[in-house]
Amino acid sequence: MSKSVPAFLQDESDDRETDTASEGSYQLSRHKKSPSSLTNLSSSSGMTSLSSVSGSVMSVYSGDFGNLEVKGSIQFAIDYVDSLKELHVFVAQCKDLAAADIKKQRSDPYVKTYLLPDKGKMGKKKTLVVKKTLNPVYNEILRYKIDKQILKTQKLNLSVWHRDTFKRNSFLGEVELDLETWDWDNKQNKQLKWYPLKRKTAPVPLEAENRGEMKLALQYVPEPVPGKKLPTTGEVHIWVKECLDLPLLRGSHLNSFVKCTILPDTSRKSRQKTRAVGKTTNPVFNHTMVYDGFRPEDLTEACVELTVWDHYKLTNQFLGGLRIGFGTGKSYGTEVDWMDSTSEEVALWEKMVKSPNTWIEAILPLRMLLIAKISK
């Protein structure tokens, strides 16, 4: 199995994140499983596939780090064109780059830019690859259509990469400009300048207290159809009420929705989601999701994963999440990294299990999660 990656590095264009939250989603979503569906997840073959995780990370942080020395510099200039409402990044050239091909002392470099913190594919621009040189000349303008007020909340990241014959990337260095403090009226700032390339600094995730909270309630219904002679499996009801103080990653814009998956089932049919609610950091969803197929012993092995996303154009950016379960680190005898519930999340799950047929409400802080890739 490949290793889990933090959600803020997750590529939102993968199968799990491309679906757009529908404004017309039902207030009561029901997903029916066969009584044995959760039981089947404990089989060894099932666990192998269902616990597999995505090894792909977003290209802003993907590639080979640390193998090549970071050296040299890059020449570029930036300007905001008010009439077009565009940021123009003029990438001129690089010099004295590290050699990916040590024997021939050359690289095949290109330059990639991002406006951070938006790490979606819509925010990625890149130059052409210039082959067999340590001093590539580009003279390319990379354009971003963006409102100036939003731009002032961003950082511009320029990174240089070597692209080999097999389309693998090796990191050669980067430069980052804080556009919040950038003097746009200074004509000197519009001139070409040389910037020394620096080593990759690990991206700093939002602190837990900055990710907001979720108000929700859970209920376990052990016998949905009373009086039935044949043994039935129970249901877990998840009532997503609202989120509070969600972080703004795109200036003042936010269009959030919540996804739910019952782990270890990472199949697409297990996933449910709310409608998207825009223009507020305190969205009210009031959305109930119902999962059946729960035997009493399954409550020890399963975990409710709730994740909050900001939908923008064709990408979804992770804001924060919860994992509600017993937090034992194991599921059906297999060690799993997603069974990592906090004490508050465990407390909610325990109360739900001990108080069947009763709604148990809580307000829980959203946090960073390692997210398993959804299976087909």
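Any Cβ shown, glycine's included, is placed from N, Cα and C.
Over in TrEMBL, the protein carries these features:
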REGION    1-46  region 'Disordered'
COMPBIAS  35-46  compositional bias 'Low complexity'
DOMAIN    70-195  domain 'C2'
DOMAIN    210-339  domain 'C2'
DSSP helix/strand/coil residue counts for the domain 'C2' (210-339): 8 helix, 71 strand, 51 coil
Model confidence over the domain 'C2' (70-195), averaged pLDDT: 89
Residue counts (helix, strand, coil, in that order) that DSSP gives for the domain 'C2' (70-195): 11 helix, 65 strand, 50 coil
